[in-house]
Amino acid sequence: MPDLRTVLNAARSRLSDGYEADYLLAHALQRSGAWIMAHLDDPLEAALQHAFETAVQRRLEGTPVAYITGHRGFWTLDLEVSPATLIPRPDTETLVEAALERIPVGTPQRLADLGTGSGAIALALAIERPEAEVWAVDCSAEALEVARRNARRHGLDRVVFRQGDWLSPLQGSFDLIASNPPYIESSDPHLQRGDLRFEPAAALASGRDGLDAIRQLVAGSGRLLRPGGWLLLEHGWRQGPAVRSLLLSHGWSDAETLRDLEGRDRVTLGRRRT
Ligand code: GLN
């Protein structure tokens, strides 16, 4: 029987990102990375080695690591993901931070996450603001199932899940609406490369200039926000000026673009006039 070290090193050299092999081995063995580091001299039994090799093979064929393991960390949460959901990205934590800065602690606010996917934004807001009423909307029933399981796993059963198109399922008036909508140009060649090929097209691309969904949200969100309420939108790093000018032409105030961890425009927000 080979030991873990031998099997791991062989996989590390086959995968372009070495850390991915560690991640896939941890998943195959259902152990932590720390456990593996402490047991590198242990023999690896055939069934587990087979499970690991199958995972490595899928990765070599392009499947994103998160779809192989079925998990991705976001904010403080470990989230289940599936090919029905976008894989949460660290960029989106910029949006969560900006939202939290605008949600006072200890007041019962109503918040919505549109196009919730795995539930990343909604659940991060719900865990940070226990007194808030959080609505999570997605048009995909399959994605909502994943999001509901994530809510249950983290004890966030009070999140309200609704299936439907963007703003249509919302009822009543909200203090803040957040969304990481699709925003890639439909002809962008990146959609045909890497992990993006495996993610739901409807969560990525949005018309010729990538702004179709954002235009809908900018035009429609105002009537669902209380005066002074906030709209926060994630977008591509070159879309900041376009999103700000959309907000201004629809009468929003306080239009401002924030940068992600890599220093690129990523989130634009606007406020419903009081
Ligand atoms: N940020 C993602 C990417 O460019 C796209 C996510 C989205 O469209 N909301 O890979």
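Every residue gets a Cβ built from N, Cα and C, even glycine.
In TrEMBL, annotation is done automatically, which means it is predicted and not curated.
Since we're looking at a predicted model, the values are computed, not measured.
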One of N9, N180 listed by TrEMBL as binding S-adenosyl-L-methionine at the site of G115, T116, G117, S118, G119, D138, W166:
N180
Counting other C-beta atoms within 10 angstroms, the emptiest spot among the binding-site residues T116, S118, N180 is N180
Can you name the binding-site residues among G115, G117, G119, D138, W166 whose CA is within 10 A of the CA of P182 (substrate binding site)?
G115
Identify, in sequence order, the residues in the chain of P181 (substrate binding site) that are 6 or more apart from it along the sequence and have a CB within less than 8 Å of its CB; answer 'none' if there are none.
L114, G115, W166, S206, A213, I214, L217, L233, E234
